[in-house]
Amino acid sequence: ALEPLSVGIAIGAASALTGYLSYPSFYCSYVECCPRDGHRLNATGKGGRGGARGGSAGRERSAQPAPLPAALRAQLDARLFGQHVARDVVLRAVAGAGRSRSPRKPLVLSLHGWGGTGKNLVSQIVAEQLHRAGLRSKFVHLFLATLHFPHQHQVKLYQEQLQKWIQGNVSACPHSVFIFDEMDKLHPGLIDAIKPFLDYYEQVDGVSYNKAIFIFLSNAGANLINKVALDFWRSGRQREEIQLKDLETVLSVGVFNNKNSGLWHSSLIDRNLIDYFVPFLPLEHKHVKMCIRAEMLSRGHPVNEKVVEDVIDEMTFFPKEEKIYSDKGCKTVQAKLNFHWDA
């Protein structure tokens, strides 16, 4: 038979071990937890592949956490090219939301521009900074219009499902991130279902949504952005002179009146619930070359300038006369590099 003292020691050791294993910092090292207030940032500031336009966040750890603005800026500078307006707006918006202990509403960003200009990349970087697993996090939710909401005649059903989905996930983690891609393919009126969650309410049915982040991605408004960029170029002004004020108003009005925007006559715009309309400028030759070089480095290879030129020569640019901007941005860089890569 076991001595009472031995039993007591065994029980005590088991209790101590159980308590240690259940301690949040230990448990959350192995199982993803919803970040607590003040601890919801990716402390490493690394999240994903360093130079490529893509990649998922790893589980790196760091003894010297970087503050959000520094970590976020480092990622945007290293991985996003030719988008000074978008970089500065996103940095300022996310940093501001992170500083507020009691935000009055969730942060809502609407990213606009042609494909391959960096919209998906920016949403990925933001997700990585807020949740270590990035797009793989159970607290980051990606909706694709053509996949999740394909049928016009089921809009009411989608609205109900979307409300329940968002309510359930924010109840589980107040710092949830929701990304809506292909907004220009979303059925008109569908997105208005989430309007109560984006408004200035302390709670909706007992749930506060004010610490969540909503990001909309859309090609709508790209022609307006491209026109402004081209007008600057033709007038001899530097691309870097373009500011948010040159684009935000015309972009919000254009999207509101565009039946193919997903935000056509939306109450989200009418009620000023979208905090920033973020323009992504068309990419020039030099920016596409930066994408190619970054992709080479991300694969562990030194930069080969001959391959860079071979890839850029196969890409198409507009307008027809000047050929300034890539019509696909950096979207086809990976595929074309695969074709030209000299193994």
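Placement of Cβ uses the backbone N, Cα and C atoms for every residue, glycine included.
What TrEMBL records for this protein:
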BINDING   GLY113, TRP114, GLY115, GLY116, THR117, GLY118, LYS119, ASN120  ATP binding site
COMPBIAS  45-57  compositional bias 'Gly residues'
DOMAIN    283-339  domain 'Torsin-1A C-terminal'
REGION    41-66  region 'Disordered'
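Feature annotations (TrEMBL) mapped to structure.
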residue : record           : Cβ contacts under 8 Å, 6 or more apart
GLY113  : ATP binding site : ALA86, LYS119, ASN219, GLY221, ALA222, ILE225, PRO279, PHE280, LEU281, PRO282
TRP114  : ATP binding site : ASN219, ALA222, ASN226, PHE280, PRO282, ASP327, LYS328, GLY329
GLY115  : ATP binding site : ASN219, LYS328, GLY329, LYS331
GLY116  : ATP binding site : LEU283, SER326, LYS328, GLY329, CYS330, LYS331, THR332
THR117  : ATP binding site : GLY82, GLN83, PHE280, LEU281, PRO282, LEU283, GLY329, CYS330
ASN120  : ATP binding site : ASP181, LEU217
For this session: Restricting attention to the domain 'Torsin-1A C-terminal' (283-339), give the mean pLDDT.
Result: 94
Exercise. Within 8 Å of the Cβ centre of GLY113, TRP114, GLY115, GLY116, THR117, GLY118, LYS119, ASN120, which other residues of the chain have their Cβ, at the recorded ATP site?
Worked result: LEU121, ASN219, PHE280, GLY329, LYS331
For this session: Could you put numbers on the helix, strand and coil content of the domain 'Torsin-1A C-terminal' (283-339), residue by residue per DSSP?
Result: 30 helix, 5 strand, 22 coil
Seminar exercise, completed: Cβ contacts within 10 Å for LYS119 (ATP binding site), all chains included, total 26
